[in-house]
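Over in TrEMBL, the protein carries these features:
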REGION    1-20  region 'Disordered'
TRANSMEM  26-45  transmembrane segment
DOMAIN    26-334  domain 'Acyltransferase 3'
TRANSMEM  57-78  transmembrane segment
TRANSMEM  90-108  transmembrane segment
TRANSMEM  120-141  transmembrane segment
TRANSMEM  208-224  transmembrane segment
TRANSMEM  252-274  transmembrane segment
TRANSMEM  286-304  transmembrane segment
TRANSMEM  316-333  transmembrane segment
């Protein structure tokens, strides 16, 4: 009798447990905010890297991991690609904003830099727009790669081999699409327990090793750029966009350089992830709006670049001011009021563009 009543109590409690709302994982929100902050800082530093060796070393260190890790996180959240309605979502959230901002940036560039005409090319993404274009292609590639016997090995091999193709550059964002795809695919195959295992392994003492490791990479970037005499244009290598020959290395072993930078990106990503807070922070909510920062900050960066502010910098304190300005811009662009204003451009309602489900179902039955 007692066992029966206990079972009844358990059964009554079960629906409540099942209906319990899933707790949000703030870790990834924190990661996205910190990465988009580094994107803005990196772009703010770009006009200054020839003025300060310290700024360039920081810039290069940021570029060793920030986009690879951003792409890895994007792959992690692409696991539901087979879910019904995902194709529509990809078009609405990636392709449509790409078209909108590719046009806006092309027009904006014309006016800010006073060019003779508008340089507009859908198939050759403008500056930061490569990410959306490549993200769309990665989502298209994903169903095919997951059916391969060795998908990750194939992706890494292609990332290295594409550098030997002289025509693989910014057109169709081909070089970046292929070169960064291993990070996207790695993120896709990673599960939550992998991140938990990694973060649990990093005790506070081990996180100190991460800080020291990042500091060591910063010194390595400075050494390679200014002291080593090694013939490597680090900045252009870290963009993952140029063929090896354009980088001054047509040797048969040039792919080993890219393999080094891929390995460096993965190592830096692990160290950076170990330092990210796992609990809710004051910037967690802002991380959910990282796409707003990404698509909007370029307008401010291009205006700042066109004013040739780098020519007016005379003291190190001004580098600090530019850093603070980049941080402030990130917070502003990830705010709710900016989201409410820019929402129609970044997350437009395009449901009218798609067939209704009932009509689509009837059409599929008629075809089959």
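Keep in mind that glycine also has a Cβ here, set from the backbone N, Cα and C atoms.
Sequence-remote contacts of a segment are chain residues at least 6 beyond its ends whose Cβ falls under 8 Å from one of its Cβ atoms, and for the transmembrane segment (252-274) they are 31, 34, 64-65, 68-69, 72, 156, 159-161, 163-164, 179, 182-183, 186, 195, 198-199, 202, 206-207, 210, 213-214, 217, 232, 237-238, 240, 244. Summed and averaged per residue, pLDDT over the domain 'Acyltransferase 3' (26-334) gives 95. Sequence-distant contacts of the transmembrane segment (286-304) (same chain, at least 6 residues past either end, Cβ-Cβ under 8 Å): 28-36, 39-40, 43-44, 46-47, 97, 101, 105, 108-109, 112-113, 127-128, 131, 329-331, 333-335, 338-339, 342, 345-346. Of the ranges 26-45, 57-78, 90-108, 208-224, the one with the most Cβ pairs under 8 Å to the transmembrane segment (316-333) is 26-45.
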